[in-house]
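Data first, discussion second: the structure below is written as structure tokens.
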Amino acid sequence: MNKLTPLKPVPSLIAVLITCIIWFAVPVPDGVDPNAWHLLALFVGTIAAIIGKAMPIGAVSMVAIALVALTGVTNPGSAKAALADALSGFSNELIWLIGVSIMVSLSLNKTGLGARIGYYFISLFGKKTLGTERSP
């Protein structure tokens with residue numbers, strides 16, 4: 001089993017500081033909604049955490065989604081609507097297709113079933129190299 005990657009304090013602190021500086025210290029530009037500016041602060045902090053490898057990318061993403069939902073920057077009127085906005089990307093079928101295909105390919109590779117299927121097709125069509133090339 002793989003060893004869990006611990007939280008790295010220095011990159012985490014840098015990401016939090018960048019987020020707080022943009023959120024509190026940098027004034028909101030004219031014509032920009034304050035919630036949009038706060039969302040930008042969370043986004044830049046998330047990118048800083050990913051670049052600094054503060055945590056594994058999945059953990060950074062989950063923390064970012066939770067912060068978007070908790071701060072309510074996408075929908076300040078309702079906590080329920082903010083949570084729905086934060087999780088709305090998971091309702092897209094394409095995201096699930098990509099995720100499931102990655103899991104299937106990893107399991108085929110880890111179990112060796114992919115190689116077995118390949119060997120089976122070579123045994124069917126592989127009498128000559130031309131047979132594997134032109135098989136349907």
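Glycine is no exception: its Cβ is also placed from the backbone N, Cα and C atoms.
Over in TrEMBL, the protein carries these features:
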- 12-29: transmembrane segment (TRANSMEM)
- 35-52: transmembrane segment (TRANSMEM)
- 57-74: transmembrane segment (TRANSMEM)
- 94-113: transmembrane segment (TRANSMEM)
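Tertiary proximity for the transmembrane segment (12-29) is limited to same-chain residues at least six positions away from its ends with a CB under 8 Å from its CB atoms, namely 37-38, 40-42, 44-46, 48-49, 52, 54-55.
Under 8 Å from some Cβ of the transmembrane segment (35-52) lie the Cβ atoms of residues 8, 10-12, 14-16, 18-20, 22-23, 28-29, 60-61, 63-64, 67-68, 71, 73-74, 76, all in the same chain and six or more residues away from its ends.
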